[in-house]
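As recorded in TrEMBL:
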type	residues	note
TRANSMEM	33-51	transmembrane segment
TRANSMEM	81-100	transmembrane segment
TRANSMEM	107-127	transmembrane segment
TRANSMEM	147-180	transmembrane segment
TRANSMEM	245-268	transmembrane segment
TRANSMEM	370-387	transmembrane segment
TRANSMEM	407-426	transmembrane segment
TRANSMEM	447-467	transmembrane segment
TRANSMEM	497-516	transmembrane segment
TRANSMEM	636-661	transmembrane segment
TRANSMEM	843-862	transmembrane segment
TRANSMEM	929-947	transmembrane segment
Amino acid sequence: MNGDTPDHDQKSPLLPLHDQPISPKSLLSLQNFYILLGPLLAGLICLTVKLDAPSSRNMLAVLAWMFAWWMTEAVPMPITSMSPLFLFPVFGILTADEVAHAYMDDVIALMLGSFILALAVEHYNIHRRMALTITVLFSGEPLNPQILLLGICGTTAFISMWMHNTAVALMMMPVATGILQRFPTGPRSDVVTTKFCKAVVLGVIYSATIGGISTLTGTGVNLILVGMWKSYFPEADPITFSTYILFGFPLALFIFFAMWIILCLWFVPKGSGPTLSTYLDKSHLKRELDMLGPMAFAEKMILTIFSILIFLWMTRSITDDIPGWGALFNGRAGDGTVSVMMATLLFIIPNKKQPGEKLMDWNKCKKLPWGIVLLLGAGLALAEGVQTSGLTNVLSKALDFLEQVPYLAMAPAVCLICATLTEFITSNNATTTLVLPLLIEIAKTMHVHPLLLMLPGSIGAQLAFLLPTGTPSNVIGFTTGHIDLKDMLKTGIPLKFAGIVVLSVVMPTLASIGALENLVPEFLMYLMYKVHVYIGGARTYIVRGHSKNFHPNTRARKFKVSFSYHIMQITVLFSGEPLNPQILLLGICGTTAFISMWMHNTAVALMMMPVATGILQRFPTGPRSDVVTTKFCKAVVLGVIYSATIGGISTLTGTGVNLILVGMWKSYFPEADPITFSTYILFGFPLALFIFFAMWIILCLWFVPKGSGPTLSTYLDKSHLKRELDMLGPMAFAEKMILTIFSILIFLWMTRSITDDIPGWGALFNGRAGDGTVSVMMATLLFIIPNKKQPGEKLMDWNKCKKLPWGIVLLLGAGLALAEGVQTSGLTNVLSKALDFLEQVPYLAMAPAVCLICATLTEFITSNNATTTLVLPLLIEIAKTMHVHPLLLMLPGSIGAQLAFLLPTGTPSNVIGFTTGHIDLKDMLKTGIPLKFAGIVVLSVVMPTLGM
């Protein structure tokens, strides 16, 4: 700051302060080759492969593209998993809506509910209590190291039956290494203790994998298997939790004991007990268990809920004679139904620790593995695409030569190939997604039950025992320092072959499982997914949410600089000379509103408030402050929070409310013209503009009177702002690229569908591409283009996406589900009849009333998304009763739900402004009441022109 050149020492910034030039050598890197490999393979297939149906060839090209990216990890796996959302429409395989439906299914609901319960177990440290209890039980007196190893590994495998492998390894490794810390290290260690440490660490990571084989919820691989089975064979009996465990548990048990025997033979010889008991005794473990104290109410409740869930999973479908509780619901309920239901109880039951605190809250769910959810959705989308495109028939004909191959030779080969692939692909989920469609076609060619190849493929994909990079669990064990590659190979090779042998022996007995014996490969009719999740629009958060992260300096600068440059430019532009406070206020508010057109309101308020308060810090505070400066501070803070809300009204992507509106319109009126980005902005932007200027006038009248310029210019002048702007430096390459991508995205949104005479680029794809298609496509570029800060570093990585508002995605899905339920159940007709009396009410009276009711509700419900989800189905029925266009009530309802200007709790943006200390409730009411009514009046005037 003082102009001196900083020394290059440890305190220098870790990242370079300037863009690194892109050299030809960096462009020819292996990573860039992997990125190009996908589209190159797809293009090569499209140009050279001749198939009967172009869609089959295109699907093969998409598979090659995705497999290349998955295998090389050219872009993050979750982003590759999202690529069907734009590749399928572009290649003419499925429409944007059809492919989006694959990303929500009962299998994914099963995964989400299970993961939430697993997080509850982790949060309350239940896993540690279970581990110590079982270890004490198995330690023996005198110590029997083989039995102790069995207890540790058995505990890990049991927990892994219900939780994700990686989470189990992360939880159990500290418990295991805590036991091993009692042994001497370095020169004082001996062969016996060193070997036992190796056995324990290897046992934990391998048991976490093996335990996951036992149940559907143990690993994502099993869920992918179930999802693909359901997708390819919709008329066959589903693979339920109870039917799978009858096969998976015995198989895992055999492999588990094989692992234990191998570990004992290599690392825990007979006679090692006396040496180990010197450092490890049962009384010490008991003391650790006693330190945990008695089980708290929260722990008991979570175990109770988990036990009930397992019981419900096991009894939903039992036998033909004893159908299970699922028969009460005529087959409508699935394993995912009860999984989500029991997970919901965690957010209802108090934990008895703090008043009003529940067992779980949504903040604890931020660790949910959304990447795995997307990968599972991609698997289901691929399955749908392979069938719809006709590629299944092509593959079936190409594999005719396998008809004579004996199954007893084929199944072990499949298992071995998958078990080898998974060592190098790292993700067993990706391996499974790659191979299962091919195995289904091979099974049809060989005329064997598809599960007789699908199961060896999916189980084989989990047998990643050789390399540290084979699974995240292996990495966790390797980083403890107790094991090396030689130890893993020494144990993993015999264990892998033991797993393949066990599987090959167990597989022919599969037909004896009652619920599976009737599954036949002739059931190939495809079931279209009816779960509506508007994934495309929600994905725009990837583009919108993180352009603030690319400045190379401190964490605070990372948060602000990317937009601050432009904010300061506009502030300087509007400040005037001499200072005109009304115009300066207009510049700050206008900047906020413009950014809020493309980003979520709360994110904009969070970004803009530090910039705004940074300007206000130049004014005196406390006794030295005066009325003029105090009022101007109030105007700026109120202007930022209200502008963030108003700007979001302008575009579909500005707020979740608009996406809910679009989704419900599509759900209730699928035959009508869709609401596109370009058609909505023609209505939303002028409306927001009128409300914005009404806000500015109200703020000026209340807080920025004429003649305040001289007083304010004492503390705020244009030259000072220019100096701050110069300090930010020129725009970095990353910022320029993000703005370029954003501009292209907006252009594509605006030109997809223009007029009947000028149809837009969407016509090139016969209506298959949607706004979500280009949204995901442009977001993918952020994971491909380098940021020129560090070699190999891209504009975005998946870790930066952890802030994605998944709660809004789920809320949007809930709104669409409610819309479908209201129609399917016949409630629409009931509501229509009940609202007949409204037929004579004039629209000009009804629209303002709707807007006012929603604008009032949203102040107390807090979430404008929730308000919209509640009222839109009712407004649709009222519109039908009144015989007016539904949008003439839906739009006032959704816009009214966003006019939360009165209370600090009305929106998160209001809370952000209130916590600055510059405004109070009186200021919000004083400004918010006239602004709310101005918004209602403007909307009431604009709405009748909607038909134009």
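From the backbone N, Cα and C atoms, a Cβ is placed for every residue, glycine too.
Long-range contacts of the transmembrane segment (147-180) within the same chain, counting only residues at least 6 positions beyond its ends with a Cβ under 8 Å from a Cβ of the stretch, are 114-115, 117-118, 121-122, 127-128, 130-132, 134-135, 137-140, 196-197, 199-201, 203-212, 214-215, 217-220, 249, 252, 256, 259-260, 263-264, 268, 280, 285, 288, 306, 310, 369, 372, 471-473, 476-477, 480, 482. Tertiary proximity for the transmembrane segment (843-862) is limited to same-chain residues at least six positions away from its ends with a CB under 8 Å from its CB atoms, namely 868, 870-871, 875, 878, 882, 884, 888-889, 892-900, 902-903, 905-907, 932, 935-937, 939-940, 943-944. Nonlocal intrachain contacts for the transmembrane segment (107-127), taken as residues 6+ away from its ends with a CB within less than 8 angstroms of a stretch CB, comprise 159, 162-164, 167-168, 171-172, 175, 216-217, 220, 223, 226-227, 230, 292, 296, 298-299, 302-303, 305-306, 309, 334-343, 346, 359-360, 364-365, 367-369, 372-373, 376-377, 380. The transmembrane segment (81-100) makes no contact with the transmembrane segment (407-426), as judged by fewer than three Cβ pairs under 8 Å among residues 6 or more apart in sequence.
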